[in-house]
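Asker: Checked Swiss-Prot, it gives:
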BINDING   SER50, THR51, ARG52, THR53, GLN77, ARG101, HIS128, PRO129, CYS130, GLN131, CYS264, LEU265, ARG292  carbamoyl phosphate binding site
BINDING   ASN160, ASP224, SER228, MET229  L-ornithine binding site
Amino acid sequence: MTRHFLRDDDLSPAEQAEVLDLAVQLKRERWSERPLAGPQTVAVIFDKSSTRTRVSFAVGIADLGGVPLIISTANSQLGGKETASDTARVLERQVAAIVWRTYGQAGLEEMAAGTTVPVVNALSDDFHPCQLLADLLTIREHRGDPAGQTLTFLGDGACNMAQSYLLAGATAGMHVRIAAPAGYVPSEAVVADAERIAASTGGSVRVLTDPVEAVSGADVVVTDTWVSMGREEEKAQRLAELGAYQVTTELMEHAVDDAIFLHCLPADREYEVASEVIDGPRSVVWDEAENRLHAQKALLVWLLRQS
């Protein structure tokens, strides 16, 4: 049966751990898996501009013996004349997998339903699951097994990163805290899904408004941009409403002494995070950025094996 990765909870706890174990192997032995040798082609589709996603998938597919076919929807029929399902049926005749960085989650679900090759969510408005695999790998490297650790996300709790932390963190058995003001909270449905998962993994989920309370005793502190692509007209309002959630050195002092700081990048310095934090000794954002490569390679290898 074809497996897709559209949401973080598309992987069970055991499957998530398996992918992360494989990522550790591929980081240590970069060319040890070559499932795309031939070479086979992977379509990598972009509705949004990208640096880390484009580079990490292109390099990773090449490492696995394949050829990345980079497609911009601005120069294709997808999203215009042709449906996602029809595009998928065309692509599956020629590629081994489809990776799509897009807006709506519904388009990804439509594409996955219409194809027999794996579809990977490289980012949507709702979730950023590939980034979370990289983040969990980074936590493993710097703090050990994520299970039982406390992770606090500060800022826009309704953004795709916050929602992915809820699902992926719960799957990993973490205690996930989202600190956000009213109007910036995660989807109730996503919180409910995360709570259900956490009940079986020993994790927990909390949504709070007080940033100090949320960071107190945290092992991992995370934030993301407050002004995502397409929301530039809301910048002034967002900066005013989210200002109390900036990650500063003072706020980090409420976390455990060896807490780490994560940010998926790009960062708006002096907005969601102070430069002295992102450049400081607790920051592991550059390892996190590199780990996109290893985590996504592992995901592709795993999906191709299952499918």
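Positions of Cβ are set from backbone N, Cα and C atoms, glycine also.
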Asker: Cβ-Cβ under 8 Å from ARG292 (carbamoyl phosphate binding site), same chain, 6 or more residues apart: which ones?
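Answerer: Correct list: ARG52, THR53, SER56, CYS130, GLN131, ALA134.
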Asker: Just to verify a number: CA distance, GLN77 (carbamoyl phosphate binding site) to SER228 (L-ornithine binding site), in angstrom, no decimals.
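Answerer: That separation, Cα to Cα, works out to 25 Å.
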Asker: Out of the binding-site residues SER50, HIS128, CYS264, give me the one sitting nearest to ASN160 (L-ornithine binding site) by CA distance.
Answerer: HIS128
Asker: Using other CB atoms within 10 angstroms as the count, which residue among the binding-site residues SER50, GLN77, ASN160, SER228 scores least?
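Answerer: Across SER50, GLN77, ASN160, SER228, these binding-site residues, the one with fewest Cβ atoms within 10 Å is GLN77.
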Asker: How far apart, in Å, are the two Cα atoms that lie farthest from each other among SER50, THR51, ARG52, THR53, GLN77, ARG101, HIS128, PRO129, CYS130, GLN131, CYS264, LEU265, ARG292, the residues recorded as binding carbamoyl phosphate?
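Answerer: Value for the max Cα separation, rounded to a whole number: 30 Å.
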Asker: Have a look around ARG52 (carbamoyl phosphate binding site) and count the other CB atoms within 10 A of its CB, chains all included.
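Answerer: A count of 19.
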Asker: Within 10 Å of the Cβ of ASP224 (L-ornithine binding site), how many other Cβ atoms can be counted across all chains shown?
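Answerer: There are 25 of them.
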